[in-house]
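Trainee: Taken from Swiss-Prot, the feature transmembrane segment covers 19-39, 86-106, 107-127, 142-162, 165-185, 201-221, 230-250, 273-293, 299-319, 357-377, 403-423, 435-455 (among others).
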Amino acid sequence: MEKPSREAFEGNNKLLIGIVLSVITFWLFAQSLVNVVLILEDSFNTDIGTVNIAVSITALFSGMFVVGVGGLADKYGRIKLTNIGIILNILGSLLIIISNIPLLLIIGRLIQGLSAACIMPATLSIIKSYYIGKDRQRALSYWSIGSWGGSGVCSFFGGAVATLLGWRWIFILSIIISLIALFLIKGTPETKSKSISLNKFDIKGLVLLVIMLLSLNILITKGSELGVTSLLFITLLAIAIGSFSLFIVLEKRATNPLIDFKLFKNKAYTGATASNFLLNGVAGTLIVANTFVQRGLGYSLLQAGSLSITYLVMVLIMIRVGEKLLQTLGCKKPMLIGTGVLIVGECLISLTFLPEILYVICCIIGYLFFGLGLGIYATPSTDTAIANAPLEKVGVAAGIYKMASALGGAFGVALSGAVYAIVSNMTNIYTGAMIALWLNAGMAILSFVIILLLVPKQNDTQL
């Protein structure tokens, strides 16, 4: 049978299912380790610090490399990069489950981060190329279900699989899903940019980005232990500022930059990406609230997780609703509505001073609003970012957008945890949780303002 040409090919459900399955290898499977930290500590006979490195390094490496890989997808082929990403996930999963050596666990998790960096921008670019109009919005809705929905379910999923089958089955199932995704994507004609010349990859930009982000991550997670007046803290801060400044200068001069700052001349794209960074940052809410109810109210892990059931359900339901609102109201109104609803939910969850029964009620309602808001926001935001990117740079644009997702989540969790720990030590855990949750509410409010100012009422989308 003759393989369909790119010009004749239209995206179908088979390809879309393959794309969604490839996306959940990160957002559902790789992220589910957040709920099995203690089990990993025993299985690998190592300390909690090593396990925490293994858990966090996947999102960090995904965020650091996703932009560069987005550019490679534009140049060398988006189907090719998606397949490479899926194969990397299989390799990383195998390294994690074949032994009890902590080093292999960390290497496997690192490879899974690179896998996610390949899959996320490449699959968004495939949707941009092969799905048009309402079909594209529908495809983005399912892509969002894989990412936002996967991240919402991952904690329960990881705990359930680890309890019923053993934690290694998380990655055995991930390998099976990866093989199915490869089969479903097979036969799709390649899509790449025709106008981008194959210039030398921006190694300098990548190195500077890695140095900057690693320095910032250490400052946030270890800053209170190091002390703001310590030589190491000051050195890391200087490295972060210096590498960031040099990165900006070199990227503006580069002929083939890692991050094309010209994309940010489009206000709609800038608004979608910046708000996406901040709303992924409010993932710190889950860490702070779950820790608080366990330590402050004496809840078990299962009881704490049950409070957020309304979030998991609503985010999955409302993503398709967000798609319909996008089609009827445009991008801006659903993004504002979603963010506004999320702010209400965040404020309810932050009421840690209430009596236990009242707080539990506020949490359940708050998580409902939290999931409802994120679900409404997800598809319009993704559509705004992708629709406002030039076709020849959609891989880079998608890479930057998903870098904002990964880094927003990574730094949001780190910053929320740091604020919670510092304020709790200075006062008590009730105040510590409230202030940390207010930080998340502040990020959501800033996201609302950015959408209000930057995203136009009617986007001049490039369908």
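In case you wondered, yes, glycine gets a Cβ from its N, Cα and C as well.
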Trainee: Taking a Cβ cut-off under 8 Å, which residues six or more beyond the ends of the transmembrane segment (357-377) line up next to it in the same chain?
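Mentor: Residues packing against the transmembrane segment (357-377) from afar: 148, 152, 275, 279, 285, 289, 293, 297, 307-319, 321-322, 325, 334-335, 337-349, 351.
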Trainee: Hey, which bits of the same chain come close to the transmembrane segment (165-185), Cβ under 8 Å, at least six residues off its ends?
Mentor: 14-15, 17-19, 21-22, 24-25, 29-30, 32-33, 36, 39-40, 43, 79, 82-83, 86-87, 89-90, 93-94, 96-97, 157-158
Trainee: Would the transmembrane segment (19-39) and the transmembrane segment (403-423) count as touching if the test is at least 3 Cβ pairs under 8 Å, pairs 6 or more apart?
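Mentor: The transmembrane segment (403-423) and the transmembrane segment (19-39): touching, no.
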Trainee: With a cut-off of 8 Å between Cβ atoms, can you find at least three pairs linking the transmembrane segment (201-221) to the transmembrane segment (403-423)? Only pairs 6 or more residues apart in sequence count.
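Mentor: Contact confirmed: at least 3 Cβ pairs fall under 8 Å.
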Trainee: Tell me whether the transmembrane segment (273-293) sits in contact with the transmembrane segment (299-319), defined here as at least 3 Cβ pairs under 8 Å among residues 6 or more apart in sequence.
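Mentor: Stretch pair touches.
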Trainee: Which residues, given as numbers and ranges, are at least 6 beyond the ends of the transmembrane segment (230-250) yet have a Cβ under 8 Å from it?
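Mentor: Non-local partners: 204-205, 208-209, 211-212, 215-216, 218-219, 223, 257.
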